[in-house]
Each structure stands twice: as structure tokens, then as C-alpha cells.
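According to TrEMBL, the protein has these features:
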- 18-121: domain 'Ig-like' (DOMAIN)
- 126-215: domain 'Ig-like' (DOMAIN)
- 223-246: transmembrane segment (TRANSMEM)
- 258-327: region 'Disordered' (REGION)
- 258-267: compositional bias 'Basic and acidic residues' (COMPBIAS)
- 271-307: compositional bias 'Polar residues' (COMPBIAS)
Amino acid sequence: TRSLTITSVDQSMFEKAQGEKVTLPCTFELSEEDEGPLDIEWVLIPADNQKKEQIIIMYAVDRIYNHYYGAMTGRMQFTNLDPRSGDGSLDILNLKAADTGTYQCKVKKAPGVQSKKIQLTVLVKPARTKCSIEGSQEIGKDVTLKCVSQEGSPLLSYDWRRVSGTQELPATSMLNRNTGELLLKNASREYSGTYNCVASNRVGTDECSVELNVTPPVNTAGIITGAIIGTLLGLSVLCSLIFCCCKKHREKKYEKEVHHDIREDVPPPKSRSSTARSYIGSNRSSLGSMSPSNMEGYTKTPYSQVPSEDFERAPPQNPTFAPSKVAAPNLSRMGAVPVMIPAQSKDGSIV
């Protein structure tokens with residue numbers, strides 16, 4: 001007796017890139033003896049045999065149920081909206097690396113039951129590939145060009161090529177396709193140029209470039225000597241500035257101390273004019289009782305002659321006058337004011 005048969009047996013393994021779409025085939029034929037209700041299930045078989053199978057999508061009693069597997073919600077559907085036509089294939093959209101696994105299609109229509117397993121591998125294309133240079137780019141040195149992809153499913157393969165000059169790798173170069181390292185031994189000026197790295201796997205490629213510039217060795221001794229001399233010059237200039245600032249500060253401090261240094265125990269010096277006025281005033285007071293008659297014997301001294309400061313140290317001489325027999329005239333009645341005029345004696349002293 002002929003029963004239900006799955007006809008899509010041509011392909012059981014699929015490799016797709018992340019973000020792409022895949023159609024897992026599951027077509028079937030019914031026999032006349034299959035009279036029960038049609039039931040189609042897609043399940044995910046875990047790699048760990050200890051875990052149970054996970055139903056992804058199901059068709060039963062003329063209805064579609066696709067809410068069993070949350071990780072694929074909104075990304076899966078039956079290829080044919082009416083699976084009763086004999087097509088129970090499954091479409092998975094926007095593939096992710098986590099979708100990798102074994103999928104099984106089960107078709108039931110009593111008494112017939114058939115199933116088919118399909119292996120799906122979701123690969124990630126190489127992405128964010130970066131090129132770099134390791135080692136000194138000097139003539140005679142060994143230089144290593146590195147190429148690494150931040151994303152990408154294994155097995156990744158790397159290939160270097162030169163895109164400038166002769167467009168051929170140097171004869172001394174050594175390439176490791178698994179690690180992406182290109183070793184250039186005993187580099188010369190001819191090695192300079194642009195190098196391109198291509199990372200690839202079964203689903204895609206990605207590339208990057210780097211510029212190599214081989215130069216003569218650097219004069220390290222000259223650089224060190226120049227650095228030392230520059231440092232010493234800088235220190236000398238700094239010390240000079242500090243010395244000048246300190247010297248200027250001391251000078252300002254000294255001027256300030258001299259300007260404000262006032263001794264309270266030493267009286268200020270007297271001027272000659274004040275000394276002369278003090279002397280004349282004292283003599284006027286001593287001669288106030290003299291009458292005009294007693295002053296006739298004195299000679300007049302001009303006021304422009306100012307006595308020296310030696311008089312401050314000499315004791316004042318109080319002249320003695322002989323009593324006068326002639327009465328002094330009453331000057332107040334005459335309207336005159338008596339004026340005391342100092343006189344000079346024969347020996348030159350003022351009396």
C-alpha cells in the first residue's frame with residue numbers, strides 16, 4: 001500500500017551568511033489511504049541530546065501556529081500559505097548565527113507519517129578588518145604586516161598583495177594565511193608602498209590597506225646628545241630667571257626697610273634757619289628790658305648774617321648793663337614800639 005512520501009530529498013545541508021534568507025525544502029505527496037487530518041511540524045533538534053526538541057512552527061486543523069519559538073518570532077513563515085497543496089517548506093528571514101542547527105520537517109496524515117532532517121549553518125562574513133605594522137620601518141630591519149578581522153566565522157583565510165610599485169610581494173616575504181601575518185625580512189627602500197589584505201571565508205570577504213615607508217636608520221646618539229644639551233640649556237635659563245627674581249626681590253625689600261627705618265631715640269636735625277630764629281628770639285627776650293639809651297653803644301648787625309650752628313653748643317652770654325641815670329623816654333606816649341637790635345662787640349661776639 002502506498003502512503004505519504006516526502007519528495008524533497010535532493011539537499012540536506014545549507015550554508016548561508018548572516019542577514020540572508022534561507023528556504024528549507026519540505027514537499028510531500030499524499031496517497032489515497034491517507035484520510036486523517038493533515039499535520040505539519042518544524043522542530044529544532046538541539047546539539048545536546050539531553051534537551052528536548054523545540055517546535056518552531058506548525059500547521060494543524062487548517063491553521064498555522066508560529067508562536068512557539070520566540071527567538072524566531074516574525075522571522076519565519078511557510079513558503080506556501082496553503083500547505084495542503086503539498087508544500088510545507090519553511091522560510092527563515094534575516095538569519096543569525098544562533099540559527100545554526102538541525103531542523104526537522106514532520107508530515108502527518110493518518111496513517112502516513114514522514115520526516116526529513118536538514119542541517120543549517122549560518123556563517124558570519126568577515127567584517128571590521130584592520131591592518132597594522134609591527135616593527136621598526138628602517139632599512140635592514142624585519143617588518144611584520146598584520147591583518148585581523150573583528151568578525152567572521154571560521155575558517156578565515158588572509159591574503160596579502162601589493163597594490164603599488166611592482167604589485168608583487170618582496171622575495172624575502174613570508175605569509176601566514178591563517179594568522180594574517182606577512183613577514184618582510186631585511187627591509188629595503190624598494191619594500192615601501194601600499195599593501196592590501198583580503199580576509200575571506202565561505203560566505204564573504206573584507207579587506208584593509210596599510211602604507212609601508214622604509215627609511216634609513218635614525219641617528220639615536222645625535223638625538224640623545226641634542227636632548228641632553230637642550231635640557232641643560234633649559235635648566236640654565238631657568239636658574240638665571242630664578243636668580244634675577246630673587247635679587248630683585250632682595251633689592252625691593254632693602255629699599256622698603258631703609259625707607260621705613262625711623263629711630264625714635266634720635267631727634268631730627270635742626271635747620272640753620274630755625275636755629276637762627278631760636279637764637280634771635282632768645283636774645284630779644286633778654287634785651288627786652290633795655291632802654292634806647294642803653295643800646296646806643298651797640299653796633300647794628302645786618303639780618304642777612306645768620307649765626308652758625310656752633311652757637312647751639314656755646315652757652316648763651318647774658319650781657320650785663322650798667323645802671324643808667326637817664327630815665328628812658330616813654331615810648332608808648334610817642335607812639336613808637338621798641339625794637340631790640342643785637343649788637344656786635346669788638347671781639348666779634350654778639351651780645
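Each position is counted from 1, following the chain as shown.
Every residue gets a Cβ built from N, Cα and C, even glycine.
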Model confidence over the domain 'Ig-like' (126-215), averaged pLDDT: 94
Number of helical, extended and coil residues in the domain 'Ig-like' (18-121), per DSSP: 9 helix, 49 strand, 46 coil
Within the domain 'Ig-like' (126-215), residues counted as helix, strand or coil by DSSP: 3 helix, 51 strand, 36 coil
